[in-house]
């Protein structure tokens, strides 16, 4: 399988629709277009015609569009056949393309398009990248635009697709190249009396570059949050109102709510958005000791979900909060949270059923008794940082806005002006790596003397990290992993 083979695929979504598209990309598609359409096509003009099989029998009627390269999506010749969006019709058109490609061109006697094959997922966009129609960040933005779950994510992906995010990276690279030029000049001409670095204020340039990179990194973190969101698990004792809270946050009756404890046996999840940030909210089985095998399986899955989450809403029932058994059971869950949750999982105490009590309670996490005498007394230990806490009523909606604010804070979301671009975790990692190398470069520049070679190397590594974002410096393995996630035909 070669990158220059002509390729064909159904480019529209699977299933039935008003319109379906079959797309072909390759070099010299004129003969194939003639065979498929029965006439020569005028470039970049839609032609209405009948699509016929090899025997001249009609398949469908629709539009044919021909885009000669390099002025096309892929940079190669592109042919699009737009027909009615029935799966059978599109499969017939796809088969006809493959058949016509292998068939003889009446003018030459050779195949119309030798080597025409089915495209791999993302191969059309990969060719656009390889032919310099878009860079790697823009290619990823196409997939992110298709997969966007919120309006904010879609608009941010569109800005990245337009090249706004890449422009910021290119600006950093340009400043970095200018700085590298000074360092290389100092290395290549050590006998010169001119101090290139001092004369050009290399320290000032590096400081400004680090500040600019920090700003791009902060925006990239926000862009990645818009794309990926966070996963939040609702946990607590049975009948604390977990399913009611899920329904309240989702604004729909997704989970069954009854007075019977243990109604939820398995995970129920829904994606919501708060200020454009997607949050996957998961309702789980109530945590308690149980002899019911099915319920025990559900509880085990609850703990698995919590361990994989970004945040856990530990739900407490204000109506039962003063009863000894409830206090003891909550404390047992608290001990299990401390034992089972990995570092980094935020726990938020949510006191539900505010509508069932006469006055708000004093917010505090359940006390988990120590299990070992070896644990130092509280007076000898530093006080733990207070956990976020909120009182609310899932039934009336009172306090939900406060919970939403806390969730955004836990996610790390900051209100940013219009113009944020979508980003991915790999972009954030690359920017962090570049920042680390620039920090090392600043240390070397401060030392000066024999450290110029190390300074030059740190700057080179920083540029490699930035170039990996746009694809100027990228391994084939990374390209394969990125484009394999695209749908076929894109």
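Even glycines carry a Cβ here, placed using N, Cα and C.
Note that the structure is predicted; figures quoted are calculated from it, not measured.
Taken from Swiss-Prot, the feature (6S)-5-formyl-5,6,7,8-tetrahydrofolate binding site applies to 23, 80, 133, 490, supported by sequence analysis. Secondary structure at residue 23 ((6S)-5-formyl-5,6,7,8-tetrahydrofolate binding site), taken from DSSP and collapsed to helix, strand or coil, is strand. Listed in sequence order, 8, 9, 10, 11, 78, 79, 80, 81, 119, 124, 489 are the same-chain residues at least 6 apart in sequence whose CB falls under 8 Å from the CB of residue 23 ((6S)-5-formyl-5,6,7,8-tetrahydrofolate binding site).
Look at residue 239 (GTP binding site): DSSP puts it in coil. If you look up Swiss-Prot, you'll see 239-244, 258-264, 283-286, 393-395 marked as GTP binding site.
Feature annotation from Swiss-Prot assigns domain 'TrmE-type G' to 229-412.
Residues annotated as region 'Disordered' in Swiss-Prot: 366-388.
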If one measures from the C-alpha of residue 239 (GTP binding site) to the C-alpha of residue 133 ((6S)-5-formyl-5,6,7,8-tetrahydrofolate binding site), what distance in angstrom results, rounded to a whole number?
56
Distance [Cα-Cα, Å, rounded] between residue 133 ((6S)-5-formyl-5,6,7,8-tetrahydrofolate binding site) and residue 242 (GTP binding site):
49
Can you count the other CB atoms that lie within 10 A of the CB of residue 394 (GTP binding site)?
27
Residue 239 (GTP binding site): tally of other CB atoms within 10 A of its CB:
21
If you draw a 10 Å sphere around the Cβ of residue 285 (GTP binding site), how many other Cβ atoms fall inside it, taking every protein chain shown into account?
27
